[in-house]
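Quick notes on the structure that follows.
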Amino acid sequence: MELVVSLAIGVLAGSGVWLLLRPRTFQLIVGLALLSYAVNLFIFSTGGLRSGAAAILSPGETGTLGAYADPLPQALVLTAIVIGFATTALLLVVLLAARGLTGTDHVDGRERER
Amino acid sequence: MPDSLLLMALVGLPFIGAIVAGLLRARDAASGVAGAVALACLGLVWAAYPTVSAGGVLRAEFAWMPTLGLNLTLRLDGFAWLFAGLISGIGALVVLYARYYMSSDDPVPRFFAFLLAFMGAMTGVVVSGNLVQLVFFWELTSLFSFLLIGYWHHTAAARDGARMALTVTGAGGLALFGGVLLIGHIVGSYDLDAVLSAGDRIREHPLYLAALILVVLGALTKSAQFPFHFWLPHAMAAPTPVSAYLHSATLVKAGVFLLARLWPVMAGTDAWAWTVGLAGLTTLLLGAYIAIFQNDLKGLLAYSTISHLGLITLLLGLKSELALVAAVFHIINHAAFKCSLFMAAGIIDHETGTRDIRRLSGLNQSMPFTARLAMVAAAAMAGVPLLNGFLSKEMFFAEALTADVPLSPLLNVLPVAALLASAFSVAYSLRFIHGAFFGPAATDLPRTPHEPASWMRLPVEILVLTCIMVGLLPAATVGPYLAIAVRGVLGADVPYYSLAVWHGFNLPLLMSVIALAGGVMLYMLLQQRLKGSVEGAPLIRRIDAQRIFERVMVFVSWRLARRLEALLGTRRLQPQLRLIVGIAILAGAGAVWLRGFGPGNLPSTPVDPVLALIWMVGAAFALGTAWQAKFHRLAAVILLGGVGLVVCITFVWFSAPDLALTQLTVEVVTTVLLVLGLRWLPKRFQVAGEKGPEVLTRTRRARDLAIAIGAGGGLAALSYAVMTRVPPELLARHFLERAYTEGGGTNVVNVILVDFRGFDTLGEIFVVAAVALTTYALLRRFRPAADSVGIPEQQREQDGGAQHEDAVRPTADWLLVPFTLTRLLFPVMLIVAVFLLLRGHDLPGGGFSAGMVVAIAILLQYIIGGAAWTESHLRLLPQIWLGAGLLVASGTGLAAWFFGRPFLTTYFAYAELPLIGKVPTASALIFDIGVFALVVGATLLMLVALAHQSVRGHRSAPRRAAGRAGEA
């Protein structure tokens, strides 16, 4: 299972990085989104992959790691998802405004001289 | 008065006075404040005399960062006491002088504010009991001297002089800081007492030389020693009271103060003698030589100051305790005669309008009293017997004859050099007096000279009287103070020295006589040359230290910077990103190279074919996104959403329901957001018959592909290695154990977010709010590009080619079934949201996903019903939601204070509600409601603002606005 997930992370990150290096703003946004999936999955996986572990305590119980999934990476990733959403929105608007002002959707604000 | 109060007042009063003086308007009030503060400080110094004279040390310590060994330590021993006395005493005289010197056109309160602040910084240097603190005040003196030198900032000379002084002394201060850190490392403490008692340890440490060089660099730059002497003459652009203060008793003396302060622990080695002694010797000769040829009175005094400081530095560089006594003695004497000479030069400048020795002449007739005072002071500077300068010069001669220096040839040089420098100083003193006061009365002066106001002369009179008194009765006047100061440096074992005027016929006396005669002869020989118009000393006129300095500055700050920027910088994003990713890959590879790499020891769990299949689809989606993002943006967005769903399934698979829920809702909103943005991007077609990418592009793509594969492969390997190791469980266990017992919730993730790490969440929602407001603000001024202003063709076709005035009807008619369904769904979704919100503490859900669900519900109405219809039926006030969310969340945190608990402490209990049953009512729930409201507000604000761009009339981007105005 670990192999599948790590390969998945690799593919996501690779596609993301490829898009980051492209010249168009839209590619950049999509690339960042893919990269953040990869990173979120990576952070999540540091807690160990546990299918079928309980996530919710029963009232009055003090949980142990043997029976429950590691909550800390989950909390981190939850925060990361929210912040990722906010930055994507901001980036999108900034890029739209830049495109309006410069007339091009090239990441440098002007087309590359050939 | 307790020690701590006295010391605090001594350092603090000048700074408080500076603020008060700065706020005043009237010139008399400001000078009154300054004078009162200086006198009060002098009184405080005097109050410390009984303790200090008995050999005691006043100490006050205030804890600041005790764990790092950084405390505010004030320490006044005999040596610091002497300096504090000089600073406040001469400060008071300078204030009185400046009151009459400064013109009423100048912003006088500012002058006194700077002067007082400088006085405070200088006092801080001498009473610091901690080396780091000393450096701090040291830099403050650089800063305030910059402000003082540049006081007349309308003149270029003042600006340049101030900047040069700041650059040189500031750089020196940085070196000193490095040296102090090294000393602290060697000793293990920055406390001055600890450092002073660790002399042997410091001298024997391998880092001694480095520390020595750095500290000496700091001291030499501050004291204007060769080769850093060049800033001091340029600092003469300052008002004369500033020069009198900075260059007699304070700023430049800070360097020699430091050398003397650290003398017991750092001196005595050959390295010390070579660096300090050689710099002092060179400066002594060079300064005196150049001083003779200065045509400006203040320039002459400036180089003479450099020379006398060289003398003090040289004395400190000798391996003799008697030389240290002579150095301290000369510090006092130099302060007295140099300050009075500067003031006299200022009076001449003030009353005649010029400081050029060649123009001045015969002032003896018009201002006889000032002339007498200046003559006595200059005689003291020249080392004429029965004046104070003579005594310390005798001591210097005696030391020069007997000094123990590293190399024997140097031993022979010292007496000769001393004699020569002394003759030079006689010559320039003569020039000062003879040039200004004797000869026929000058006729072409800008102003008719006359005696100054008697109050302006009073400080000069006091100082000259001191010179005479010390010269006549040294043991009775300055003796006890000198003894205290020397004991402060050397401790109990002070060598025997005699302060008598007459020591009998001996070699130093003979040297004095030769120097006096030689100086007079030299001056007479040089008459012809000095009258000429050529400025500057013969032989070395062409070597202009200032020009070298400027060249270096230009090179470092301009040419080098430009060259580096041209070499390493780029304004293009792609190379920068390539560099970042490349360095990240290299860093990872480097770590693997150094520490080895291997999968962990955990057996991997069996591969579930279902998830493997799902991820095959996911990987295809991801690759497809990367493939299609250029020409088929909508397809890319859809594929991206697919990837998001696969990630979501993965979260569910591996027991993270909260993550899956959040990911799902965020995915929906992000997709809508991206789709809304698509409309404003330029059309990009793949032309069917287009030739393939040119060669350059193709190589670039190959390189990027390699980087992408490297990054992806690296991250895959890293994740595999991480996943096959036992995860650290320390924090996890902590949270799992306390989630219910202390946080009152069974959903551990949610408890972490709203309780344990509530402060993080609070910060996070502030970020989200800021982002929402920023997008809103950006979109308010949004100007689309010209080719995106028109109605998109899809919309035109949909409307049948005609523009309806009310855009509400057509869409609603066409999508009647989904329209009705979404209206029915709306309340259901709201209930789901409330459900998610309430149960969040115990079951998957929480404020964030609940807020997203509400946003999605409203979004659906927008998509199906259109903006106009939705807004006519729903009053959305995203800003209110957003603000309320922030207030509720912060308010919940603050409420804890009312119960005497720290910020964001939560309280929890279960409440029985009729019908609904047991509901957890932790205060965290209220916090979560704040999060919920904020998420609703922020998401709607962003989406609605973006959506409204499509329905509002646009002006296109400014550049093409004129051409498009008619069409719109």
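Even glycines carry a Cβ here, placed using N, Cα and C.
Record features (TrEMBL):
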type	residues	note
DOMAIN	B:64-112	domain 'NADH-Ubiquinone oxidoreductase (complex I) chain 5 N-terminal'
DOMAIN	B:128-407	domain 'NADH:quinone oxidoreductase/Mrp antiporter transmembrane'
DOMAIN	B:619-683	domain 'MrpA C-terminal/MbhD'
TRANSMEM	B:111-129	transmembrane segment
TRANSMEM	B:135-152	transmembrane segment
TRANSMEM	B:207-232	transmembrane segment
TRANSMEM	B:244-265	transmembrane segment
TRANSMEM	B:271-293	transmembrane segment
TRANSMEM	B:462-485	transmembrane segment
TRANSMEM	B:577-598	transmembrane segment
TRANSMEM	B:610-627	transmembrane segment
TRANSMEM	B:634-654	transmembrane segment
TRANSMEM	B:702-723	transmembrane segment
TRANSMEM	B:850-869	transmembrane segment
TRANSMEM	B:924-946	transmembrane segment
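Along the domain 'MrpA C-terminal/MbhD' (B:619-683), the predicted structure has mean pLDDT 91. Counting residues of the domain 'MrpA C-terminal/MbhD' (B:619-683) by DSSP class, helix then strand then coil, yields 53 helix, 0 strand, 12 coil. With Cβ pairs under 8 Å as the measure, the transmembrane segment (B:135-152) is packed most heavily against B:207-232, out of B:207-232, B:271-293, B:462-485, B:634-654, B:850-869. Same-chain residues lying 6 or more positions outside the transmembrane segment (B:111-129) and placing a CB less than 8 Å from one of its CB atoms are 7, 10-15, 17-19, 21-22, 30-31, 33-34, 37-38, 41, 59, 61, 73-76, 80, 83-84, 87-88, 91, 94-95, 98, 102, 136-138, 140-141, 143-145, 147-148, 151, 191-193, 239, 241-242, 245-246, 250-251, 254, 257. Beyond the transmembrane segment (B:924-946), the same-chain residues lying 6 or more positions past its ends with a Cβ under 8 Å from any Cβ of the stretch are 669, 672-673, 676-677, 743-745, 750-751, 754-755, 758, 761, 765, 768-769, 771-773, 775-776, 779-780, 833, 837-838, 840-841, 846-848, 850-852, 854-855, 858-859, 862, 867, 876, 878-893, 904, 906, 908.
With helix defined as DSSP H, G or I and strand as E or B, the domain 'NADH-Ubiquinone oxidoreductase (complex I) chain 5 N-terminal' (B:64-112) counts 32 helix, 9 strand, 8 coil.
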